[in-house]
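As recorded in TrEMBL, the features of this protein are as follows:
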type	residues	note
DOMAIN	E:16-150	domain 'Molybdopterin cofactor biosynthesis C (MoaC)'
BINDING	E:Leu76, E:Cys77, E:His78, E:Met113, E:Glu114	substrate binding site
ACT_SITE	E:Asp128	active site
There are 6 protein chains.
Amino acid sequence: MPESLTHLDSAGRARMVDVGGKAVTHRVAVASGTVSMKPETLELITAGEIAKGDVLAAARIAGIMAAKKTGELIPLCHPLGLDSVTVELEPAGPGVLGITATASVTGKTGVEMEALTAVSVAALTVYDMCKAADKDMVVGDIRLEAKSGGRSGDYRRQPS
Amino acid sequence: MPESLTHLDSAGRARMVDVGGKAVTHRVAVASGTVSMKPETLELITAGEIAKGDVLAAARIAGIMAAKKTGELIPLCHPLGLDSVTVELEPAGPGVLGITATASVTGKTGVEMEALTAVSVAALTVYDMCKAADKDMVVGDIRLEAKSGGRSGDYRRQPS
Amino acid sequence: MPESLTHLDSAGRARMVDVGGKAVTHRVAVASGTVSMKPETLELITAGEIAKGDVLAAARIAGIMAAKKTGELIPLCHPLGLDSVTVELEPAGPGVLGITATASVTGKTGVEMEALTAVSVAALTVYDMCKAADKDMVVGDIRLEAKSGGRSGDYRRQPS
Amino acid sequence: MPESLTHLDSAGRARMVDVGGKAVTHRVAVASGTVSMKPETLELITAGEIAKGDVLAAARIAGIMAAKKTGELIPLCHPLGLDSVTVELEPAGPGVLGITATASVTGKTGVEMEALTAVSVAALTVYDMCKAADKDMVVGDIRLEAKSGGRSGDYRRQPS
Amino acid sequence: MPESLTHLDSAGRARMVDVGGKAVTHRVAVASGTVSMKPETLELITAGEIAKGDVLAAARIAGIMAAKKTGELIPLCHPLGLDSVTVELEPAGPGVLGITATASVTGKTGVEMEALTAVSVAALTVYDMCKAADKDMVVGDIRLEAKSGGRSGDYRRQPS
Amino acid sequence: MPESLTHLDSAGRARMVDVGGKAVTHRVAVASGTVSMKPETLELITAGEIAKGDVLAAARIAGIMAAKKTGELIPLCHPLGLDSVTVELEPAGPGVLGITATASVTGKTGVEMEALTAVSVAALTVYDMCKAADKDMVVGDIRLEAKSGGRSGDYRRQPS
């Protein structure tokens, strides 16, 4: 069966892939994304110590907590006992806030979705906390950067 | 107090804005986003009737269910009793799947975050269901298209 | 559009029905169901004061808590602020435990699903707590008994 | 202590059974159930390609997602990292939709409740999506068909 | 029926009180609590700007998010659409961190439990983040300080 | 790095500690707490068979269910597959209800927070169910009594 169909049984019905026979290994995934905004919005976030601390702290915590909810949000994801999650937010250019999340597990299935979910919800939290100042913000470039530990071999995104 | 600080009290502490004094009005928000992938991945999704039905159906349902969880995911969002949520997924070019979500409520606070969350989780579901075929997919351009019904007036995104 | 299609838009896509234009009324729904088991299993439940209290108390609480989660479990259900939920469990014959749940809300949409979910999860809780003694138990006859308060008029199940 | 009391301590208080000393084995459970309805309701579901796709797809996804929430719904269930869940829905006679769910885990405790919860929530989703056309639908015959992998030996339901 | 029995029906069964007939009013509740620890633990929290920001920021956000989950945690609480939640953490003496939470709603039932839940989970978060340094911390004095807006009149705790 | 900073990276940012390298061991934690109330409120709870059963049963179940939600409530807690949870409630003096919770896991991280969360939510449930009779109740003395099984050695609280 082509690999692209692994979530689908013979009649096209969604199912959660059976990982019962897969090896328990240490798996890590890194995902990234951005929130693009007016440069002055990013300055508001990074300038004032108070405001900065809170927007970034809230986004980081929201991202970590969301990673733990991945199996609840994504229909066919396996519920996982994560070993770790980190979420970093850093200015990545004028009006661009970069977000990187790393998740790891000792288990039978990868943690790409956990890392991607952490980035997405951290980004949405930034949007929520700054939308009164800037409704034009755009969340983008959410992608897998690297993963390791699975049967299909390590993956590292090629520079585009 | 500048509008950009409405989530922060005088010492920079996160808080949920008090909407107790705001009017109950009918509020609508529309958000959009994309999943960029190899053209053949999109063809896999849209070609086979079975596969198509399932990926898009799962993403749509995941987006709707996620909209209902917005207040649980985004720390300072108010819990809302939504009137409606719709999520549409349509090819928007070679290797680009477009996603649009519309949320509405009769309440004291807007539903931008609900629409944005629906788009984000629908996109992550597409990623999850197709990642075996294409790990390079990118979720992007998640943004508010329009909102109406709030005190601050209607908003419509300017073409960029 | 035929009433049976109200959850489907023109292309058959699932959506949450828009209740924005519906009237806020007081709505009540009653649902029922049964757990069939060996008569001695039911006796174990009802005999010992301690054991009885616990199985029935746990099922009752699980049913009430599940009613509050209905919008999270059923994809197209609206999230609701319930006014009340009650769950009753009573022997209804040899080896038959009857369950009745009543839910009410002051809102724009009915609470049938909340009452049915309360019955279902209360029944599953009975199964879980007694399955070591009786794996052959069957949960059945889960149905809407009555509803009132909606636009479509009151409903009362006809005796079959 | 009689097996039927394993959820109860000496004073009848509910507790989550300690599985700390149980072996980690591969465990599978199969559960089934039905939704009985007017034959024309079932035809509405199965006839139109669009409608069919969506009701069954939504129910299947809702069932899978609910299996992952079993530990949250059933008070004394252990939280589990499921290996797989599948939910099948097929016509099983005039006006009868059959539902079968299979769950598996590599763990210390069985997955009967996960399979039963998947069936129950899939059935409730069918009810929700069709109730505008047919309020008399009945969810029934929810039962364990088979389980394997536990200390107490394999179980297979006897034909009744 | 004596007021103390309002959660119990005639047979002592738990039920969610019916608030269908209660007036929608603006309701506010304030709760407080403490975390007692070694003075040097509190200094670790309050001294370093970075550490301080994070422990207190995490506890504040955890408290706000928990307030939104009150109806999910406390079996007989009504689900509520909160108007606001704030959580404050401030040193209240040597080795004592004081926590105060305020919740408000425009609804039919009070928000005492939401304020108390916010305090409790904020306190547990402080414990979690500092327990490597000080396992002897004690969470205490969690109590309602004041409430207003309900039928039973305003309440203000008497100094003890 | 001082042990007190283990949740903080070099820039003070919250993160979930990486337990990937920790040993899987059997871990147990015991926590306790109290609800102080008017002696007559405690008598109301313990006297009537019906009332007694329900308040304590509801609190016990709420505590067990909350233990399973610890990873969802406390931002930096790891999600865990618990082996067992028990919650006991017993009068501990005039107007004092004592609560003890024990949690265990076979895993890489301790279950202190699960035991403490169970105690806290059981206590809040008592408050909720009795608050109509006694708003002055105080939840207090929530603390870790003992833990075993971790790398840092066993812990037993010293009598104060």
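Yeah, the Cβs are placed from backbone N, Cα and C, and that goes for glycine too.
Shown here: features listed in TrEMBL, placed on the structure.
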residue	record	DSSP (3 states)
E:Leu76	substrate binding site	coil
E:Met113	substrate binding site	helix
E:Asp128	active site	helix
Given E:His78 (substrate binding site) and E:Asp128 (active site), what distance in Å do their CA atoms have, once rounded to a whole number? 28
Pairwise CA distance, E:Glu114 (substrate binding site) versus E:Asp128 (active site), rounded so that it is a whole Å: 21
For E:Met113 (substrate binding site) and E:Asp128 (active site), what Cα-Cα distance in Å is obtained after rounding to a whole number? 22
Of the residues named as substrate binders, E:Leu76, E:Cys77, E:His78, E:Met113, E:Glu114, how far apart in Å are the Cα atoms of the most distant pair? 13
Cβ-Cβ neighbours of E:Cys77 (substrate binding site) (radius 10 Å): 25
Reported in the order helix, strand, coil, what are the DSSP residue counts of the domain 'Molybdopterin cofactor biosynthesis C (MoaC)' (E:16-150)? 50 helix, 44 strand, 41 coil
Can you tell me how far the Cα of E:Asp128 (active site) sits from the Cα of E:Cys77 (substrate binding site), in Å? 26
Of these recorded positions, E:Glu114, E:Asp128, which scores lowest on Cβ atoms within 10 Å? E:Asp128
Students should find that the Cβ of E:Met113 (substrate binding site) has, within 10 Å, a number of other Cβ atoms equal to 27
Name, in order along the sequence, the binding-site residues among E:Leu76, E:Cys77, E:His78, E:Met113, E:Glu114 with a Cβ closer than 8 Å to any chain F Cβ. E:Leu76, E:Cys77, E:Met113
Can you give me the average pLDDT across the domain 'Molybdopterin cofactor biosynthesis C (MoaC)' (E:16-150), rounded to a whole number? 92
By the criterion CB under 8 A from chain C, which of the recorded positions E:Leu76, E:His78, E:Met113, E:Glu114, E:Asp128 would you report? E:Leu76, E:His78
